[in-house]
Every structure is written in structure tokens, then in C-alpha cells.
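Here's the structure, in C-alpha cells; my notes come after.
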Amino acid sequence: MENSERAEEMQENYQRNGTAEEQPKLRKEAVGSIEIFRFADGLDITLMILGILASLVNGACLPLMPLVLGEMSDNLISGCLVQTNTTNYQNCTQSQEKLNEDMTLLTLYYVGIGVAALIFGYIQISLWIITAARQTKRIRKQFFHSVLAQDIGWFDSCDIGELNTRMTDDIDKISDGIGDKIALLFQNMSTFSIGLAVGLVKGWKLTLVTLSTSPLIMASAAACSRMVISLTSKELSAYSKAGAVAEEVLSSIRTVIAFRAQEKELQRYTQNLKDAKDFGIKRTIASKVSLGAVYFFMNGTYGLAFWYGTSLILNGEPGYTIGTVLAVFFSVIHSSYCIGAAVPHFETFAIARGAAFHIFQVIDKKPSIDNFSTAGYKPESIEGTVEFKNVSFNYPSRPSIKILKGLNLRIKSGETVALVGLNGSGKSTVVQLLQRLYDPDDGFIMVDENDIRALNVRHYRDHIGVVSQEPVLFGTTISNNIKYGRDDVTDEEMERAAREANAYDFIMEFPNKFNTLVGEKGAQMSGGQKQRIAIARALVRNPKILILDEATSALDSESKSAVQAALEKASKGRTTIVVAHRLSTIRSADLIVTLKDGMLAEKGAHAELMAKRGLYYSLVMSQDIKKADEQMESMTYSTERKTNSLPLHSVKSIKSDFIDKAEESTQSKEISLPEVSLLKILKLNKPEWPFVVLGTLASVLNGTVHPVFSIIFAKIITMFGNNDKTTLKHDAEIYSMIFVILGVICFVSYFMQGLFYGRAGEILTMRLRHLAFKAMLYQDIAWFDEKENSTGGLTTILAIDIAQIQGATGSRIGVLTQNATNMGLSVIISFIYGWEMTFLILSIAPVLAVTGMIETAAMTGFANKDKQELKHAGKIATEALENIRTIVSLTREKAFEQMYEEMLQTQHRNTSKKAQIIGSCYAFSHAFIYFAYAAGFRFGAYLIQAGRMTPEGMFIVFTAIAYGAMAIGETLVLAPEYSKAKSGAAHLFALLEKKPNIDSRSQEGKKPDTCEGNLEFREVSFFYPCRPDVFILRGLSLSIERGKTVAFVGSSGCGKSTSVQLLQRLYDPVQGQVLFDGVDAKELNVQWLRSQIAIVPQEPVLFNCSIAENIAYGDNSRVVPLDEIKEAANAANIHSFIEGLPEKYNTQVGLKGAQLSGGQKQRLAIARALLQKPKILLLDEATSALDNDSEKVVQHALDKARTGRTCLVVTHRLSAIQNADLIVVLHNGKIKEQGTHQELLRNRDIYFKLVNAQSVQ
């Protein structure tokens, strides 16, 4: 009944969580335009103001051109065409001297405008890049700080993978949106405003008529922009979910590989990518439709302006000449063009605001327990008296399930108190409340008569040392891991703590001693070694309150007895709280507290509670512990009598070959990234060639618009050489209609670009993410052991590198094609109408090209550096968030924050140089056009005077080349994105071309019809590829007959778990063979081999899905029926628990199984293994996390499961393996003795002493 009540409460909670998650979607999901700059300091505000002013001045340069152009047109047309109405320009009434004077003045105007554009263009871009980098750095820092400051309850209900994606992808989008794009936005606004003012002053009637279409342009841009923001938010959300899956899978890769679940996880990842792809396609279409609508209305405006302008001239309106019409027209054109040019920048800014919404939400979240708080009382010393007063508690993520129900408990200073009870009774909850990871719902927790909520949280936690059941080590050296215990730990203190934790000896055996890297999550250390390093870390804190949560569970008997003694010694003078299933370790405790269903069932010393014959008595009896006689107890195994490891020369021949190879591969890996050309990147889009072709055709069509425009424009100017009003009116109507047609072409071609390139680009992004993730999943484990392939680094590649490849594909190719068509046609038309002038202008073009090349080269370098530093920063962030409980317990938040900041600082140092280069290149390419105009008009005037060119030809050449130059400028703006794309593609190709040594995808190798289960290790030597100087196995030889149960025992680091990994073929031996039924494992098909093996690991990994899906994970080759799932659950003694949950087998287990206790997770892992019905069963400490009742039942289930199977058991608990067919004692990677339990006891050697050390008969 109680189970079903709990179940109903859990169901309500899941429903509540689901609703809560959907709530924000109803609100606006973008921050305000000013709010996005909230992290700007005084200097940033100054830089932004100066940047804005420079943008406004730079923006004013363009509208000044029409004034000069109008003046010149009037001179040319009225002087040459209207008065003489002849094509013999030698006979112009206007004197050559006057024309020379005008052209010289015109040239000086253009040079002046060009100088202003050069100076202010440089200032605006460089200042905005600098301030954006400064603010982005602050946002990254503040976001990470805010996440670390959150209480643990918040982490229970949020997705770590999603947080990592936000930290990389979303903040990158903010950086893009608040940088140089803002400068360009203000420049366009300035051009628009001043252009408008010029137009109104020169001819207000024509300006107002021209402006009548502006509301339509703005309305269409605004509507599309709103749509883009909404779709971007949805797209980012889908990518965040995909990122969460990737993070979960990559951090649990050993489990994924063991159960051959690569394809299943790939599908789960790809499903989220499909959602993102669909939103991405819609976003691209909306963006291009917006652009198409703007250009449609603009061209319509041109037609209207010329038609109405011609009418005003023909009707004799005062002040209106062709020069006036041109000045007004170009002023409005530039204003309108700036609206179009501003749309992409506004869109980038809108995307940044959308991304900032989620980032700022986390930054503004006020935690209920602030890990960085300076408030609260800081007593000079803490005695360690602890009292729980009527404490009730439920986890915030499960508010309806009461874990503690009015707990009252007093612990005196210096006492050792043991908490015992079944799984789920509240033992670990008590420990977490004492650390103030959570606050109780009711009641008080007092330390030295102070409510712990009144104490400063950091100061208080500094007095607590914790050693947990699943110790967390960080991906750095042993030395750093121990020194994380507290600030300013000396080497002497570190070594003393290592000795006390019985870790010193094995550490000194490593070549690098305390500087040995432990690997990601301590992967290079055995369970026992990790546990002892964690104990050393706790002891170095010198805590007043010591919490031991199954602190010796991962240790072998020899280490356990030594560490137990060290812990007992460490407990002296400290308040010690012990959570243990092994009741033999707590008999000497001052007080034993038995918990049941969140309440205190009984308490007292061991003898008292045994006399009561209550719950504690029944727990002790179920463990069947009997005191060995005193003679046996005195025979402890001396660590000094350890057999020395093999002499070095016996393994020299192996080392010399393999270490060299390992070092060579490491060196080559550091330097080799494949060369990536544009063609190689484009080939990635090959399957979408129909979309690319159609998109390209649309781009070519769009590229023809401006060259055609230049011809029509020149025709309109020169048609005033004809005095026939009827002809003029007819021509004006025809040319105006052509402008409208050009507008329709623009709209259709932009829509087609969005439709086809959007699809091609998003499908490519999805495919590349899919391929990259697939390539990662099928690498061998040795690759994941490498430092640079941490989970954080790999998720950064998936999030950032691949998104950047779009900078050289999809719609970017559309822009390049459009610009290439524009430039090509412009040059051809220019040559036809005035080849001399065209030559002059084109001779200047290479300068622009060189500028672009410099910018591209510089940007590629900066992109690579930035990527590398952000990858390192991402690794630190991922590690911190995944192990947040440990970091909070150790109060190491500031240390991780500092490391993260150091990585950001390194990346930030590139910014100033980057700003100078990009600013200079932009300013030069932007201002160069004015200088080209100056030279061109001066030369054009000379050609007209010499009779080698007509004014019409000059206008066509100028307009065509101007649009061609704008196309070059637009292309140069894309250079940085192309650089990033090349850099991202290089990393992607390096990943895709990496061939694993053990290829799980390979179809090669034998697939025997049956697997008997005979195993053999034949002269196996092995070292981990990332530690080639430390041999783990040294010539191991052992035969295991089918159906037999063989147990591996020995001290931590002796090679037990390594043997298990070699059987799974996660690694290959360095020398020797691992044989299955007499066949070398290397000759067998990898997937077939792993399908014959199931493993129950020491630290079970569950996935963020339902219980049924987690059990079905045992066999990923088919859809497993529910009956089979229930059968496996029944065998693992967890079926009745699951049935009591509201959603039964559909209950979600949470991230890393967070909604379940350790024992429940372990039993699910056992069910998962049993479902596979394997021929070979590997049990690596399979019952370590279970309480006594569960252990008995599960042990019985495992004994039953072993029948007819070959079973390899790795354990420290010798009571569990007494019935094994063969017990193998490993020491320093070699077999020291083997036999049955009775035979080894008679030998009275290592095993005999291990048994006695455990005091188990």
C-alpha cells in the first residue's frame, strides 16, 4: 500500500515537472535590446558609445555621394545633352576648363569621404569586437559562477548536457549578436536617416512618394524577424536536447560499448537533430522571405520614384532636374538598401537576444542555498556536536515523497555514530542534509547549538570531510586531486594524508608518482585506488566532522583493514558519521542508529542493540558475521611482504616496441589536422545536389538583378537628352515597370534560396553531427582515455565546430554564387560600355582581394586558437557540472571557477589583435570604393572630353562596378565565417578519418554458430595506451572451462578489472592472446563477441529514460517484449519495487539514475545483464551497493543466473565467492595462487590471510 502511495506521489511530481517545463514556452523567450548589454562595465559603455559615434559618422559617408553625383549629372546632361542635343561631345557649350574644375572638385570630395570612411570604419569595427569579447567573457564567467552557486536541488531537476550546450552554443550566439554586427546595424541606421534627410531637403515631394512604401518594407521585416526569433529559440532548444543526449552517452561510453548500443544511441541523438533541422529549415525560409520582401518593395520603390520624378520634371516643377531626381533617388535607394542590409544584422541580434534569455535566466536564478554566500556566522572553531530536531524532508525533485519523517538524533562531539538500515531508509539523506546540500522542510539541524542555516555555508562545509560510496576524481594529477581537499595544502601534508589512507605505496609505484594523471573521472585508476585517493583528500581537510558513506566499499580486504584502521585513527577527536552496509566495520562505533522509513527505529551501542534483538540484530544476523579467533585475527597480512614486481628486463622487449609507438602516435596526433579545401567542404553536400542546384539557379537569377539595374538606371538618366515629352513619358513608364519585374525576380529567387539552400544546409548540419557522433561512438576506449577527448571537449566539437561548417555551405554558397554572378555580369557589361574605364577600376580590385586574403588568413588562425581554448574551458565546465556534489562538498567552486577563467583569459588575449586586423581590413575594403569612385569619375570625365566614351556608358560602368564592389564587400564580410568553417571542417575530417584499432562497426571476423564459453588468457601482458610505462598485466596465463565460475581477488590495481575489460575487448593485449573457445579474440567479429558477454559493473550507469528502456538496454539488437523485461527484473529482485511505482516500468530514472538509490540502480543493472541471456557473465563488484536483505536475494539470483554460464567474478567480499569453481589471486598483474576456497585456505598463503582479514567464516 505504501509503495502505491509513493508511486502516486511520484506520478504527480512527473506531471508537475512536465507542466513546469512547458510554462516558459508561453512567455516571451528573448531579453530586451538594452538588457542584453547588462554585463558591460564603464569601459565597455565608453567603447560602445565611441563605436556607435564612429558608425554614425561612417554611415553618413554614403548619403553624401548622391549630392555630388546629382551635381555632376546636371552639369553633364544640361551642358552636353540638353543644350546641344547631339552626340558630338567635343562641341559641348560647357568649356573643358569648367568640366575639369568640376571633376577635380568631385574627386576631392570623394577622397575626403573615403578618408572619413577609412578612419571611422576601423574605429567602429575594432571597438565593437573588443567590447563584445569583454562582455562575452563576463557572461561566460557569470553563467558558470551562477551554475556553481545553485543548490543541489536545482541540479536534480536540470539537464547537465543541456547546460553545457548553453554554455558553448548559446553564448557564442550572444557574442555574434553584440559585436561588429551592432556597428554595422548603427551604420545602416545612420545611412538611412541621413539619406532620408538629404532626400527631403533636395526634393520633399519625390522623397515622400518614395517613402510611401517604407511601412510595407518595415512591416514585412518585423513580421519575419519575430518568426525568426521564435524558430531560433525552438531550434536551440532541440539542439540542447541533442547535446544532453551526447553528453550522457559519451560520459557513459563503456556501458554503451559493452551493450552494443551505439546504433540505438545514435538514433536517440538523431531524433533530436531532426527536430532542430525542421526548425532550422523554417527559420532559413523565413529569413530569406524577409530579405526577398525587402528587395521586392525596394525595386517597386525605384520604379515609382523614377516614374514620379520624370512626371515632376515634365510638368516643370520648380527645382526639379535630372540631378535632383538622382540625388533624391540615390539618397532613398541608399536608405532603403540599408534597411535590407540591416536585416541580417538585426536577425543576428535577435538570435542573440533569444539565446541570452536562457543564459540570463540561469544567471538571475537565486539559489535557496548560495554556495558562494559570504553571509552567516563564522564561529572560530567547531566542536562537532550535531543534533537533528524533528527533521522532515523530501527532495525538491520529488516533493510528494517524504524521505525523513520527524527525525530526532543527537551526536556528541568526538563520537563515532553509524547509520544503518535498508536501502531508501534515509541514511544518505541524513548525510546530505548535514552537509547542507539541502535544507529540511521542517525541523532544525544544529551544530554546536547553532542552526546550520545561520552559519556561513562555505565556512561550515570547510569543517566537514566526506568520502562517498562512488568516489569522484577529477581529470588531473593525483597530487591535485588530494590537494582539492582544501586551500594551501603542502606536499608534506599531502603525502601524510596519502600514507594515512594507505595510498602512498601504490602512488609511488607509478613512474610519475603524485604527478600521475588519473584520467577522466579517474578512469586510469582501479576502484580501490580511487577510493583511497578520495580518503586522502578528505583527511587532508583535517575536518571536525567526518562523513564516511560506504567509504571502504571498493577496497580489497588487505587495503580495507589498513584503511579502516586509518579511518578509526582519523576519527579520534572528530565527530564521525558512518553509513555502512558492512556491519562488521561499525561494531566499535560509540552509537549505532537504525533508520527505517525515514524515522529512527532504534539506537545504542552494538552490544545493547544485539541484546534488544530488534532490527539491528536481524541485519547483523543476515550478514552472518562471526568473530574469528584471536590467533586468526592477529595474522594480518603485512604489506611489507609483498612480492616484488617482475624485474624490469623481463618486459623491456615489450616496452621498447610499444612505448615508442605510443609516443609516436601521441606526437602525430598533436600536429596533424587534415588540409581542407572549399571543394572538400562542398562535397559534404553531395547527396543534396538537387537542392543545391536549384538554390544555385535561384542565386544566379538573383545575381543578374543588379547588372540589369545598372543598364536601366543609365538609360533613365540619359533619356533626358530627348526633348520629346511623349517619348520621355513612355520610356519612363517602361523602365519603371522593369524595376517592378526585377523586384518580383528578387522575391522569388530569395524564397527559392531559402527553400533549397535552407534544406541543403540544415540536412548537412544534421548529417555532419550524426557522422561526428557516430565516429565518436565507434572509437575504441583507448581514444576516450586521451586527455583531449574528454566528454566536454567532444560535446564542444558537436555543438560548435559543425555549426561553423555552415559558414562555407548552404545559404553561404548562395550568397557567394549571387555575388559571383553579380560581379561577373557587371564586369562584362562594363567592358562592353567602356573598356578603358573598366580596366582602370578593375586594376584596383586586386588590392581588395589581398585585403580579403589577409583577413581570411588571420581569422583562420584566431578561429583555431579560440576553438582550442574554449574546448579546454568546456572540458573544465563539464567536469565541474557532472561532479557538482563533490565540488560543493569540497567547497572547490572557486578553484574550478578560477581554472575556467584562466582558460577564458587565454582566449581573450587574442581579441585585441583580432579586432585590429578585422577593423583594418573592413575599413580599407569599405573606404577603397570611394577612392575608386574618385579615380573613376576623374578618368571618365577625361574619356568623355576625348570623345572615347558617352555619359550613358560612364553611368553604366559606374553603377555596374559599384554593385560589383558591394558584392565583393559582402563576400569579404563572409571571410571570417569561411575561416571558422575551414577550422571546424579540419577537426571534423580528423575525427571522421580516425580509424579505431578495435572497430566495432566492422563486419569482419568469425561469427561461430555457438559460443561454448571456454576462456583463456595466454601469456597476456598489458598497459593502458595512455600510460605505456605502467604494466598492469605481466604474462597472465589462465584457462577457464565453460560453465565454471571463476573469481578474481587481490589488492586494488592488481589487474582484476583490466582482465574484465580485455575479455570485453575494450582493449587488446600488448602481448599474448585472449582466447574464446580456442579462437583469438582478435579473429572474432567484435559485435558478435560482445553479444556473448554481459557485465554488471561496480558503478552502474543508467540512462535518462524509463526503467523498462534501461533493462531492455541489455539487448539492443531487437525490441524486447515487456514480459522478458519483467522476467529479468524479477530475477534481480526489483520487480515488486517497480510495480509499486505510479508509472511502473515507464517511470523515468532521471539523469544518471538520480531518482533511484544505489541499491536500486545496481539491481536494474543486474536485470539488464540477465536480460541479455549471455554465455559469459562478468560481475565486477556486482552487489557492492546492496543492503543485506537485497544482497542475499540478488546473490541467490546471480547464483541461479550463473548456472550453465561461464562466470567471472571480481570482488573484495570473499564471502560471496566461497562456492566459486576456481579462485584466482592476482598480485602485480600475475597469478600468485589459484584453487578452490578450501584448497587455498589449506595453502595458508595470501588468500588465507585475506579471508582472515575480513573475519568472515
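Using N, Cα and C of the backbone, Cβ positions are placed for all residues, glycine too.
The feature ATP binding site is assigned by Swiss-Prot to 421-428, 1050-1057, with sequence analysis given as support. Look at G421 (ATP binding site): DSSP puts it in coil.
Marked as domain 'ABC transmembrane type-1 1' by Swiss-Prot: 49-350.
As annotated by Swiss-Prot, domain 'ABC transporter 1' applies to 386-622, with the evidence given as sequence analysis.
The domain 'ABC transmembrane type-1 2' feature in Swiss-Prot is assigned to 693-980; the stated evidence is sequence analysis.
Per Swiss-Prot, the feature domain 'ABC transporter 2' maps to 1015-1253; the stated evidence is sequence analysis.
Taken from Swiss-Prot, the feature N-linked glycosylation site applies to N17 (among others), supported by sequence analysis.
Taken from Swiss-Prot, the feature N-linked glycosylation site applies to N85 (among others).
What Swiss-Prot records for N91 (among others) is N-linked glycosylation site.
Annotation for N371 (N-linked glycosylation site): same-chain Cβ neighbours under 8 Å, separated by at least 6 residues, are L148, A149, Q150, D151, V457, R458, V888, T891, E893. If you look up Swiss-Prot, you'll see N371 (among others) marked as N-linked glycosylation site, on the strength of sequence analysis.
Sequence annotations record features per position, and here Swiss-Prot assigns N-linked glycosylation site to N390 (among others) based on sequence analysis. With a 10 A radius on its CB, N390 (N-linked glycosylation site) counts 13 other CB atoms from all the protein chains.
Taken from Swiss-Prot, the feature N-linked glycosylation site applies to N423 (among others), supported by sequence analysis.
Feature annotation from Swiss-Prot assigns N-linked glycosylation site to N789 (among others); the stated evidence is sequence analysis. N789 (N-linked glycosylation site) has a Cβ environment of 20 other Cβ atoms inside 10 Å. Secondary structure from DSSP puts N789 (N-linked glycosylation site) in a helix.
Listed in sequence order, G703, A967, I968, E970, T971 are the same-chain residues at least 6 apart in sequence whose CB falls under 8 Å from the CB of N819 (N-linked glycosylation site). The annotation N-linked glycosylation site is assigned in Swiss-Prot to N819 (among others) on the grounds of sequence analysis.
Counting only same-chain residues at least 6 apart in sequence, those with a Cβ under 8 Å from the Cβ of N910 (N-linked glycosylation site) are F862, K865, D866. Here Swiss-Prot flags N910 (among others) as N-linked glycosylation site, drawing on sequence analysis.
Taking all protein chains in view, 21 other C-beta atoms sit within 10 angstroms of the C-beta of N1104 (N-linked glycosylation site). Annotated N-linked glycosylation site per Swiss-Prot: N1104 (among others), in sequence order, evidence recorded as sequence analysis.
Taken from Swiss-Prot, the feature N-linked glycosylation site applies to N1188 (among others).
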Report, as numbers and ranges, every residue of the chain located at least six residues beyond the transmembrane segment (322-342) whose Cβ falls under 8 Å of a Cβ in that stretch; write 'none' if there are none.
59, 62-63, 65-67, 69-75, 77, 184-185, 187-189, 191-193, 195-196, 198-199, 202-203, 206-207, 210-211, 214, 217-218, 221, 291, 294-295, 298, 301-302, 305-306, 309-310, 312-313, 717, 720
Assigned conformation of K1056 (ATP binding site) - DSSP reduced to three states:
helix
Chain residues outside the transmembrane segment (917-937) and at least six past its termini with a C-beta under 8 angstroms from it:
58, 61, 65, 72, 103, 106-108, 110-111, 113-115, 117-127, 129, 180, 837, 840-841, 844, 847-848, 851-852, 854-855, 858-859, 957-958, 961-962, 965-966, 968-969, 972-973, 976
Reported mean pLDDT - the domain 'ABC transporter 1' (386-622):
84
Of the listed stretches 49-69, 110-130, 294-314, which one has the most C-beta pairs under 8 A with the transmembrane segment (181-201)?
49-69
What stretch of 49-69, 294-314, 737-757, 954-974 shows the most Cβ pairs under 8 Å to the transmembrane segment (827-847)?
954-974
State the count of C-beta atoms found within 10 angstroms of the C-beta of G421 (ATP binding site), not counting that atom itself.
24
Counting only residues 6 or more past its boundaries, what in the same chain has a CB within less than 8 Å of a CB in the transmembrane segment (49-69)?
106, 109-110, 113, 116-117, 120-121, 123-124, 127-128, 131, 182-195, 197-198, 202, 326-331, 334-335, 338, 926, 930, 933
Calculate the distance in Å between the alpha carbons (Cα) of G1050 (ATP binding site) and N789 (N-linked glycosylation site), and round it to a whole number.
31
For K427 (ATP binding site), what is the tally of other C-beta atoms lying within 10 angstroms of its C-beta?
26
All-chain count of other Cβ atoms within 10 Å of S425 (ATP binding site):
23
